[in-house]
Amino acid sequence: MANSERAEEMQENYLRNGKLQELPKVRKQIVGPIEIFRFADRLDITLMILGLLASLVNGACLPVMSLILGEMSDNLISGCLVKTNTTNHQNCTQSQEKLNEDITVLTLYYIGIGVTALVFGYMQISFWVMTAARQTKRIRKQFFHSILAQDISWFDGCDIGELNTRMTDDINKINDGIGDKIALLFQNMSTFSIGLAIGLVKGWKLTLVTLSTSPLIIASAAMFSRIMISLSSKELNAYSKAGAVAEEVLSSIRTVVAFGAQEKEIQRYTQNLKDAKDVGIRKAIASKLSLGAVYFFMNGTYGLAFWYGTSLILSGEPGYTIGTVLAVFFSVIHSSYCIGTAAPSFETFSIARGAAFNIFQVIDKKPAIDNFSTTGYKPECIEGTVEFKNVSFSYPSRPSIKILKGLNLKIKSGETVALVGPNGSGKSTAVQLLQRLYDPDNGFITVDGNDIRTLNVQYYREHIGVVSQEPVLFGTTINNNIKYGRDGVTDEEIEKAAKEANAYDFIMEFPNASKGRTTIVIAHRLSTIRSADLIVTIKDGMVAEKGIHAELMAKQGLYYSLVMSQDIKKADEQMAPMAYSTEKNTNSVSLCSMSNIKSDFTGKSEESIQYKETSLPEVSMLKIFKLNKSEWLSVVLGTLASILNGAVHPVFSIIFAKIITMFENDDKTTLKHDSEIYSMIFVILGVICFVSYFIQGLFYGRAGEILTMRLRHLAFKAMLYQDISWFDDKENSTGALTTILAMDIAQIQGVTGSRIGVLTQNATNMGLSVIISFIYGWEMTLLILSIAPILALTGMIEATAMTGFANKDKQEFKHAGKVATEAVGNIRTIVSLTREKAFERTYEEMLQTQHRNTLKKAQIVGSCYAFSHAFVYFAYAVGFRFGVYLIQAGRMTPEGMFIVFTAIAYGAMAIGETLVLVPEYSRAKSGAAHLFALLEKKPTIDSYSQEGKTPDTCEGNIEFREVSFSYPCRQDVLILCGLSLSIEKGKTVAFVGSSGCGKSTSVHLLQRFYDPMKGQVLFDGVDAKELSVQWLRSQIAIVSQEPVLFDRSIAENIAYGDNSRVVPLDEIKEVADAANIHSFIEGLPAKYNTHIGLKGTQLSGGQKQRLAIARALLRKPKILLLDEATSALDNESEKVVQHTLDKASQGRTCLVVAHRLSTIQNADLIVVLQNGKIKEQGTHQELLRNRDIYFKLVNAQSVQ
């Protein structure tokens, strides 16, 4: 009798799996059904074969059971059991004993089926889960290995984020597709074929009539699933747009806050949510409608089958009794239901095959430069003589642009050679070729006379050390970061390396690092390379000139002009931003703001975060429901529809019992009349289902989607208004926050809206069923009710086992995923340090723990599945035996027995379904706890508040009074200690000092991202804390080292400077002109409407800087902050940008943080910071006369 419940399940499966097809339908590339198992070994193959056989046997249980049910019904109705009804008693041909014997045999059959289901059910599930786990582990290992083996050009061409998704999602899809789903698929196929066979043998006419409606059911299910799939992908697309906005905004939160653009971004996010909401409502309606349609057709089929069955019996068709009708009917219904259930499993398998295509493609890809290769020559020692012969090269991702055009260059062993030249001339490219990250298109590179392509890649790279412009540190301790330089390093060596690289003092003084090594230095700052043995200038991918500093200066060529543009007596404390030497040396830099380095060396990675989560306060369900208050009308209407729907099942069980038992009567006319009425009632029930499901979908869908949208909006808004220090916390990384928006909130929707409907429906169903059963036969009801909890319990165990494991798995995969993401993201660093094997090992260890979990899971899930399925058969056996006894004793009619049985069986299933929702409910609660914690967190510096003074004018006088500060994320490190400094309006003040001395920190304090722990920051004599935050920030503009631009058009990016109004295009052009970039923009095809890509990737460094300056100028700020605004640029860009900045800072108070002293020689005041205190201050000339720190900095590195 389980059918309509099953229909619902099948429907949900159909839809759930439909959702997985998010990928565009175009991708027909798919691996073969056998090929997907190519990573199976002997044991796996054995397990798979045994699992398959078990599932075929298990599939036979249901159809055989319907046969026994038919026999049973015939025996019950024949009238031999009941002495009272004399008319029927005469027809009784059998003796009482014979009958009892028959019924006992049938009961034993039930028990036999139960045992079969128990044994084979366990086998099919656990074997398949085990073998799937073993195979996926191998696939993961291979995949990661072959990613690490690929050459860099492959990484240039692929999206790194996508790779990580592949690594987790796609492989998970394979795991789903080749596990227990296959066992279930074969089980369903076996049920289908056996059921159909039984039906045709017992009564082919009825079988065909019953089957006649199945095309309708299948067609409706397929049609709706199509609609659902397209709506799901639309919804995902709409949300992914919003998600992209969220990620972009959260990752550049400082810029958003500095420009006061929170409202603008919240609007942009919400706009994208609206589309997702509309699609979501349509989707909710479609999903409920499809359920309604299936119910309508199923009830219609019941009506048709019984009407036709009774007319066959009445017309005296040979071999038809009510038992036959039941047996045929159930066999057919079960088998057609099985097609429905098999569909999702089949679909999961196809999805797995599609996912496998991509994965296997990567696994089979043979890289041009194989990092793991064991072949190749390993010379005894490498002297380090390097020669480029006619090397030409263009990046594979941009083959049309030639970078090197016939480069010739010889570097003798032990020399220090400097490569200089404008941006894009091919300096870094030459070095990447030397590391063999790429191979040249023409020409070759030799080391000690050997073409580097003949050398063993790993061995060769081990002799090259790299220090790049932005050192990449991995998420472990500082200690391990230095260790990554080479295998088998002792602590003393680490200390030595750190000292050599002078990471102790945060300064890399290269001269002592390059003793006895061939060193190649790429420099924008020419002062750092005066003492080089050879200076090579490169222009347009060819060597323009070479020689030592003095020779090249005498030539007055390209080098001379580069030096002159950087002339003055100036220094630079950031030594050579990139250096490559043919021995390893690594440096790492520790700053509070580098969230990569975990404080303390304990390596308590993410585990500590897990413990914190538990401390969140419990959130009552009431609080969640209250969020839906404004949609109360929708919720009420939806609930009424659910109650109506819940009443359908109990009514159905009464009609069903009446149909079976009406054959106790022999009067043909009444029989015919009754059967017609009952059949009609079935159809009416179907219509009621259809309508009430539609109403549920309409109202609950609307309420749920509006709620989700409201919550996402609130959450996003709450995030944008948190303190900056909140974002410094590792727990609030961009990834974690976007997950809250995407996942946690979707989970909360899972308990409100339609879920309330399912609960109401099931409660109504259960309540009515129990009441009806007690009326018809209280003893039998009590017996079945005592069994029901076990039925419900098994369902629950199965559900909890699954979710419990899922969470554990998630944890492990998160860790493994972190290793993988980190490796892929910093692949160049890993390759140049030849650390691929170390990462592989870490990844494998992570997978191992997860693998052990899965093997446990296989046993538990297998046993629970087997038990819950077998138990149904045992329950039937007990119930029937007891029912027969009651009927014989005259305490119950056969009709009563059927009613009780069907009603309670339904009720129990409803309970089971409710229990399946328990994990969803607990997930929603944890999601809600996170969300409310976020919504209730009040920031200490509230950017939203209108409070505080808003003076009419801002002069631009700034004063730091006894300011002490340390970052909240590392309170043990004091960054500023008692800093006192006053800056008059209109003056330009420069901060210099080594990294970590507090230069940038003072800028953050001015923008009021943080408040000082002691002391005050004053604007025009007023404490910053008393001023309105919004007003204060509107007076300040910042241009920072790495300007953050948004994925909008150029015009919008510039207009970002003032978010309080709509900025006219003329004004945008005016500031662009002032920032020296107007002519460049006019040269672009789309001019000011050009989209600049995520983070402005389509532009060069200098262009991004000038856009940022235009954006800052648009603010008409009184105070301009320049945070190392030119440090990442080469000479030519720098000259342009510096000129622009000098113009921009006229008549404004200007605060400059600089590494390059050339840029600040004309400042009104230069402040030298050390360890958070002012060491000296004065003008350029005064400080030179002091002969202290500043003098040393300048002299150590002046160019001439």
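Glycine residues also receive a Cβ, built from the backbone N, Cα and C atoms like all the rest.
Whatever TrEMBL says is automated annotation, not expert-curated.
Range 182-200 is the one annotated as transmembrane segment, of 182-200, 961-979 (source: TrEMBL). Against the transmembrane segment (47-69), the recorded stretches 182-200, 206-224, 289-308, 632-657 differ in Cβ pairs under 8 Å, and the greatest number is found for 182-200. Over the domain 'ABC transporter' (386-621) the predicted model carries a mean pLDDT of 63. Cβ atoms under 8 Å from those of the transmembrane segment (182-200) belong to residues 51-52, 54-60, 62-64, 66-67, 124-125, 127-128, 206-207, 210, 327-328, 331-332, 334-336, 338-339, 341-342, 345-346, 349 of the same chain, restricted to positions at least 6 beyond its ends. Within the same chain, residues 3, 6-7, 9-11, 13-14, 17, 62-63, 66-67, 69-74, 77, 184-185, 188-189, 191-196, 198-199, 202-203, 206-207, 210-211, 214, 217-218, 221, 301, 305-306, 309-310, 312-313, 660, 663 sit at least 6 positions outside the transmembrane segment (320-343) and bring their C-beta atoms closer than 8 Å to a C-beta of that stretch.
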